[in-house]
Protein chains: 2
Amino acid sequence: MKTVETVKELRSCLRPLRDRRIGLVPTMGYLHEGHVSLIRKAREECDVVVLSVFVNPLQFGPQEDFARYPRDLERDARIAEQAGVDFLFAPPVEEMYPQQPLTKVTVSQLTDRLCGASRPGHFDGVATVVAKLFHIVEPDRAYFGMKDAQQVAVVEQMVRDLHFPVTVVPCPTVREEDGLALSSRNVYLSAEERSQATVLSAGLREVAEKVKRGEMTLASQAIDYLKRRISSKPLARIDYVDVLAFPELTPVKELTGRRVIVAVAVRFGSTRLIDNIILHEKEDLPCSAR
Amino acid sequence: MKTVETVKELRSCLRPLRDRRIGLVPTMGYLHEGHVSLIRKAREECDVVVLSVFVNPLQFGPQEDFARYPRDLERDARIAEQAGVDFLFAPPVEEMYPQQPLTKVTVSQLTDRLCGASRPGHFDGVATVVAKLFHIVEPDRAYFGMKDAQQVAVVEQMVRDLHFPVTVVPCPTVREEDGLALSSRNVYLSAEERSQATVLSAGLREVAEKVKRGEMTLASQAIDYLKRRISSKPLARIDYVDVLAFPELTPVKELTGRRVIVAVAVRFGSTRLIDNIILHEKEDLPCSAR
C-alpha cells in the first residue's frame, strides 16, 4: 500500500492503471469495520482500490465537531493495508482547498429533510467533496455505507444528474453485537450513553418486525412508536424520526407497497448518532440484514 | 465525422480512444467563425475533437430567447465536418435532462457581476451543463471563446475548485471586418441595429488605444467614455458597462498595473449583445488582437 498526500502524486500513480477497474472508498478516517466492509467489497470488485481519508471541513457546520472529529492516520493506514487498499489518499486540507472555494455542488429536495434539515449546508459539503474526489481519482466504482442512507441518495442523484462516469455501490450498515451501528463518532459516547444508544437499532428492528407481522402499516405509527421508545432512555434527545420513500426521500403514509426508509437521529450529550432501516416492498427486511 | 445523439453511444465511441488526447468544443450550435476557430485550435492540439451542440435550457431565464435561439443542425454538421470535428454530439434535451434535475453547480462571487447580475441563474446553468459535458466526454482539453469572458472565468474557477482533470483553453474573440464580435445572436439584428452595433467593439478599441497612449488611466473614465459612446447610438440600450480585474472579476480603480476586463452588454431591440477587451499589465492590448 502506498500513502499519497497530493493530488498530483495520486494522479501520476493512477495514470498507468487507467485501463484497470478502479474502486474508491471515500471516508473521513478513524476506520472501523463498516469502512473495512466497503474496502473488502471494493477489493472483490476492482483491480485497484483507493481509500481516501479526509475530514472535510465543508460538510461541518460552525457549531459541529470538525475540530474534535477523531483522527489517527497511522492506525487507519494499518487497517487499510490489511483490508487490501492499494493507495491511501490522505490529503491535508490545503491540498483539497488550496484557495477559498467558490464552487459548490448542491442537490435540492433530497436534502430538505432528515440530516439535511438538521445540518444546513452539510450535503452541499458532501456533494462538493465527493465531486472533487471523483475528479481526482476518476474511479469506476465508489463505495458508500448505508448507515448514511441520505448521503447515498444524494450522491446517487448527483451522479445521475451530472452524468458522472462512476457507479455508486451502497453497502449494508455494519453493527456491533448489540445492534449499535458502527460510527467513528461512537468513541465520543460515555459508558452510560453507549448503553442507552442501542435503543436506535433496537427500535428500528422492532418496527421492521411489526411491519413484517402486519402489526404496523402506517408511517405515523412507526414514528410514534420510535419517539416513545427512544424517549424512554433518559439521555436521548431526539433530533428527528422520519419515514420517507427511498431513495426519493418524499413523504409517505404507508410503510408497505414501496421502498421506504425509517430514519432516526438522536443526541446523547454532545454526540449525534444516526441510524436507519430500509423496508422493502416485498420482504420488509432491513437492508443491512440482507 | 460521426454525429451522435446519446450519451451512451458517445461514450462507446470514445472508449477505444481514451489513450488519445481528446478535445471538447462545447457550443449551442448555429456555428460561426468563432466556433470554427475553437475547432481548429482543438484540431491542432488534440487527437480527437468532439463538438457538442446543445441549446441548454438551464442557462436561459424564463423571459429569455431559449425557444427562438437559432438552430440548424444540418448546417452545423457541414461546418463542423469541414473544420475537422470527429464526433458531433447533438443530444436532445431529454437525453441531457432525462429527469427533473436536482443537482446544480454554482460558482459564487465571480457570477455576482456583469452577465451574472443581468441574467440570474445563467451561470449555474452554464457551470452545470459544462460539468455534465465534461463527465460525458471526459476531454483532456476544452475550448471556450473569450467573447464570453465571464464564462471562461467561471469555468476555469469550477475546474480548479472541483479538480476537474481538464485544461480549459480560452481562445480569442473572432470579429467581423467592421469589428462586431461574432455571435449566433447577431442574426436577430435588423440592418439598422446591425449597423449601430459596431459601437461596442469600436468603443472598446478606442478605450484600449487611449489606455495605451496614457490618455486614460481610471476605470471610471473608461466606463463614462463607453456609456457616452454607446448612448450616442439611438437604438442602443445599455445593460452594463464595467471594468473589473480579470479573471477574479473584482472591482478595480485603475486600468493599468494588472490584468483588467472592460466589458459591455447592450440591447438592440430584443437582442442582447456582449463584448469585452482584456487590458494586459504590460501591453494593454486586447486579448483578441494577440
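Placement of Cβ uses the backbone N, Cα and C atoms for every residue, glycine included.
Now, the feature entries from TrEMBL:
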type	residues	note
ACT_SITE	A:His35	active site, proton donor
BINDING	A:28-35, A:145-148, A:Val174, A:182-185	ATP binding site
BINDING	A:Gln59	beta-alanine binding site
BINDING	A:Gln59, A:Gln151	(R)-pantoate binding site
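Its Cβ taken as reference, A:Gly34 (ATP binding site) is surrounded by 21 other Cβ atoms within 10 Å in the chains shown. A:Met146 (ATP binding site) sits 18 Å from A:Gln59 (beta-alanine binding site), taking the CA atoms of both as reference points.
Distance from the CA of A:Gln59 (beta-alanine binding site) to the CA of A:Val174 (ATP binding site) is 23 Å. Taken residue by residue with DSSP, A:Gln151 ((R)-pantoate binding site) is part of a helix. Listed in sequence order, A:Phe123, A:Val126, A:Phe144 are the same-chain residues at least 6 apart in sequence whose CB falls under 8 Å from the CB of A:Gln151 ((R)-pantoate binding site). When other Cβ atoms within 10 Å of the Cβ of A:Ser184 (ATP binding site) are tallied across all protein chains shown, the result is 19. Annotated pair A:Gly34 (ATP binding site) and A:Gln59 (beta-alanine binding site), C-alpha to C-alpha distance, rounded: 20 Å. A sphere of 10 angstroms centred on the C-beta of A:Leu31 (ATP binding site) encloses 25 other C-beta atoms. For A:Val174 (ATP binding site), the count of additional Cβ atoms within 10 Å of its Cβ stands at 19 [all protein chains shown]. Its Cβ placed at the centre, A:Met28 (ATP binding site) has 20 other Cβ atoms within 10 Å.
Counting every protein chain shown, the Cβ of A:Met146 (ATP binding site) has 22 other Cβ atoms within 10 Å.
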